[in-house]
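So that you can see what the record holds, here are the features copied from Swiss-Prot:
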type	residues	note
TRANSMEM	10-30	transmembrane segment
TRANSMEM	54-74	transmembrane segment
TRANSMEM	82-102	transmembrane segment
TRANSMEM	116-136	transmembrane segment
TRANSMEM	153-173	transmembrane segment
TRANSMEM	178-198	transmembrane segment
Amino acid sequence: MRLTAKQVTWLKVCLHLAGLLPFLWLVWAINHGGLGADPVKDIQHFTGRTALKFLLAALLITPLARYAKQPLLIRTRRLLGLWCFAWATLHLTSYALLELGVNNLALLGKELITRPYLTLGIISWVILLALAFTSTQSMQRKLGKHWQQLHNFVYLVAILAPIHYLWSVKIISPQPLIYAGLAVLLLALRYKKLLSLFNRLRKQAHNKLSL
């Protein structure tokens, strides 16, 4: 039985709640001592993990819709992507304001360059910003064939973000490894498309070098 448009609308409502409830919990935890001994790090890791969860969920939609024969599920992909960007922005903001502090924001650029794991993080955020900004149907029509080329960069984020997470923790625990493993699995489901993209980029680079 296929999902109806009305059911997908209710599913979107549930996904909005899934994006909002972690924020409400975080606010409660901050005000009621629900965080650990290092609340700043806890906030950073919580916001980053939540962004990663929405990224993985967005990547899951296409294969799930295909294998379950539920084409209307695709309509939830943009929503998941926007929540991923929202949480990634909270993640970046928590680092800038809580780790560096308002008086040291001038150091942010230096930090992003000199710390490789932060470099990977900011590259991922910039890509997500571009994808969020161009996620509307009007931008899709305006960009034409370039729209899909741009949104293929989500696969780069799926590589960089788990590495950023693994690199940022001082002690490797199962959690970042699980996220990395899930990202690898979701990318493996698209190996034909990724191989095609790689061959196309390699061909374009070869043609430019030959000029």
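Any Cβ shown, glycine's included, is placed from N, Cα and C.
Of the recorded ranges 10-30, 54-74, 153-173, 178-198, the transmembrane segment (116-136) has the largest number of C-beta contacts under 8 angstroms with 153-173. Counting only same-chain residues 6+ beyond the ends of the transmembrane segment (82-102), those with a CB under 8 A from a CB of the stretch are 15-16, 18-19, 22-23, 40, 43-44, 47-48, 50-52, 54-55, 58, 108, 111, 118, 121-122, 124-125, 128-129, 131-132, 135.
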